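Some notes on the structure that comes next.
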Amino acid sequence: MNPIVINRLQRKLGYTFQQQELLLQALTHRSASSKHNERLEFLGDSILSFVIANALFQRFPRVDEGDMSRMRATLVRGNTLAEMGREFDLGECLRLGPGELKSGGFRRESILADTVEALIGGVFLDSDIQTVERLILDWYRSRLDEISPGDKQKDPKTRLQEFLQGRHLPLPSYLVVQVRGEAHDQEFTIHCQVSGLSEPVVGTGSSRRKAEQAAAEQALIKLELE
């Protein structure tokens, strides 16, 4: 991989890997090599959840568990991580197989989100928990400053359902219209039909649940709740 691209990424991350092979593994999708990033992603997911949970616990001493769980879910959900991946310009650094390259995997939200988690796992193995915690908090500084407890942190499907129920409208219906990819790396496309919207709203995700949440979020935007 181009060293200029790698160095630019490390500057954006705010961290330089001592073991460059960990960085390369974190950037490697399973379509490109047998030494891919899924184990690092597993590790990074757990570390991220802990660091964000601890940060919320310290910041909001009077907030109950339900609100903290919803805030954490907002901060660690796939589209937040994918947004962060785009801020790092991860797409230009990913190591993808020919099929994923052809299908635009370098901009797929699920791949960007998974890679951010893999980078967190890689940083932990390259350093220690204190270093990776400081790095995560640096990445999340503005998002942590902006977040607050309340109904806004409920997941999109719940918010959409409550909105419709409050207006005595039928509940939304979700229909799987397409499933792409292999069993280990699928992308679901969902159509969500909502009273008050003339056309179905489309959502995609790496699981049916994530695709439904994405569709519900788009429906909320169209209903001008966001």
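Using N, Cα and C of the backbone, Cβ positions are placed for all residues, glycine too.
Residues Asp114, Glu117 are given by Swiss-Prot as Mg(2+) binders; from Glu38, Glu41, Glu182, Glu187, that same site also lists Glu41.
Restricting the average to the domain 'RNase III' (6-128) gives a pLDDT of 94. Same-chain residues with CB within 8 A of the center of the Glu41, Asp114, Glu117 CB atoms, the Mg(2+) site residues themselves not counted, are Asn37, Glu38, Leu40, Phe42, Gly44, Asp45, Ala113, Thr115, Val116, Ala118, Gly121. The Cβ of Glu117 (active site) has 26 neighbouring Cβ atoms from other residues within 10 Å, across all protein chains displayed. Secondary structure at Glu41 (Mg(2+) binding site), taken from DSSP and collapsed to helix, strand or coil, is helix. For Asp114 (Mg(2+) binding site), the same-chain residues 6+ apart in sequence whose C-beta sits under 8 angstroms from its C-beta are Asn37, Glu38, Glu41, Ser206.
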